[in-house]
């Protein structure tokens, strides 16, 4: 984009920006359209998922290299859920663009849709996030130039890319914690062996010689080709279990552990790890070697298959009989991964309007609840139709009414460094000092350095009524890069150790929290957001109607609290309980 241009978002298309009657498109965006030919399809005349993965990886790589200005390699591709199949004669449209660049890696968002040229219908197939690493032809390390988001959609993806990166890094820890929890341990012993299928029957091993057509422009084995070969052996393993043609529904993350080159022998192994009522998990790995060298691990993935009947509904599958040792381990890990997939679908994949007010918290779904907590607050802050309702003593109150939901935002500038304001506001136990709606706040669990669960007491909504209580998950995030805000997100959760009692009226909070920007080294802009629901609306109805100044008073009290404690030496928040 030319220097000095200030783009404006064109209404109706968040990917387009208009300035001086010229249309702007994200400079990293790459599009690919392919018509599905018989050579791309399986015997059911549906596009092979392996072929689709090759096209997706190629498109994403070109986008990454457009931003990096040098060669890039695939490091990983996040979970993919395929919503629809694609038939011969239909057109596949793939769009990829860089969401955020970190030091030497970047996240690329990929959207896949299908187009029927005869009926003029289009539908979504899947979306994915891939991580690419820039590689220099010389030995020096590459530091990628920062990406500047221009549209609201780009800004949101840019912001959430840091959260998704955090989830990727914590994935192994989530699995370890879940496998150590005896609640999710289940033994196949006691099953009728005559009704089970031994896992050995599903084992597949295949070798591929990496030839020049399989390599990318860097003479490394094309990542999309490796993924396609892995999908092929996984499909064979699934077919051996069900004696039918399975449909691939979901792929857990592909993670490339090392490179492969032309001349490598690529050994691909697949086996059914576990079957559930209507689905099965197939584990697949790729190992490479040349000559007499030992095999090196290249990639691993886990794929979920279904067998569909004539009406397109999943058929029941037979249980498996795992082999001793490794088979039992894979059996248990498949159960843990299913739990993780359900958590992701329940907490992350559904629309914000469909998220329950209070989601049951446990250690295994903590990462996804934390992600959803931060995502919901950033989504609320990214909305554009805020209306200024009142302004008093430099405190501004904005309201927003969308989809029968009332939201408000209060903001002001305070002569306190942003980092210090973040630390002070992160400790909810101190909030009763400046917020009259917080009668009492107790830290129940410190989950990790960034997430805490509190029990909060608030005054009764009605005179003479019961005191209201909340169980709140507070997720705080420092800036990932210069220019990012500090975030403190709040939402209700349920804890088995703290069920509702007759003494209190249990309230729920869907989305609230602080976003803090650094205005200067000594000044910060603090914005507080709340997406109201019937449980909290009575507390603020008079303020929204302009009949009370309590909002202004509370925010003024908050500012005074921050000023009085801007130099106080303390460890905030006061950690007491650690379950990580």
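Cβ coordinates are placed from backbone N, Cα and C, and glycine is handled just like the others.
The following features are taken from TrEMBL:
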- 26-138: domain 'HotDog ACOT-type' (DOMAIN)
- 200-311: domain 'HotDog ACOT-type' (DOMAIN)
- 386-545: domain 'START' (DOMAIN)
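The DSSP breakdown of the domain 'HotDog ACOT-type' (26-138) into helical (H, G, I), extended (E, B) and coil residues amounts to 23 helix, 57 strand, 33 coil. Here the domain 'HotDog ACOT-type' (200-311) returns a mean pLDDT of 93 for the predicted model.
The domain 'HotDog ACOT-type' (200-311): residue composition by secondary structure is 26 helix, 51 strand, 35 coil, according to DSSP.
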